[in-house]
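Student: Straight out of Swiss-Prot:
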type     : residues    : note
DISULFID : CYS37-CYS72 : disulfide bond
DISULFID : CYS39-CYS65 : disulfide bond
DISULFID : CYS55-CYS73 : disulfide bond
SIGNAL   : 1-19        : signal peptide
Amino acid sequence: MNKALFLCLVVLCAAVVFAAEDLQKAKHAPFKRAAPCFCPGKPDRGDLWIFRGTCPGGYGYTSNCYKWPNICCYPH
């Protein structure tokens, strides 16, 4: 009985380790949750963030235009 309980504990610990590793990869997802958009006077495509008042930080956005209630953010 003790061996079976120990085996269950080992399997549970391994499952927790692999689940935590998978969550770390999910934090650094290679895609943005934004749709493509275009602003007048801008030749490139921007990122449309829905129901946001400002562009989110960490993506290198330098300019934007409002498309109420959304915002189109440009990285250049």
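Note: Cβ is positioned from N, Cα and C throughout, glycine not excepted.
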Student: Relative to the Cβ of CYS73 (disulfide bond), which residues of the same chain, six or more apart in sequence, are found under 8 Å away?
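Tutor: The answer is ALA34, GLY46, ASP47, LEU48, TRP49, CYS55, PRO56, TYR59, TYR61, SER63, ASN64.
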Student: In three-state terms from DSSP, label CYS55 (disulfide bond) for me.
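Tutor: Coil, per DSSP.
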Student: Which has the fewest other Cβ atoms within 10 Å: CYS37, CYS39, CYS55, CYS65, CYS72, the disulfide-bonded residues listed?
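Tutor: Each of the disulfide-bonded residues CYS37, CYS39, CYS55, CYS65, CYS72 was scored by Cβ atoms within 10 Å; lowest is CYS65.
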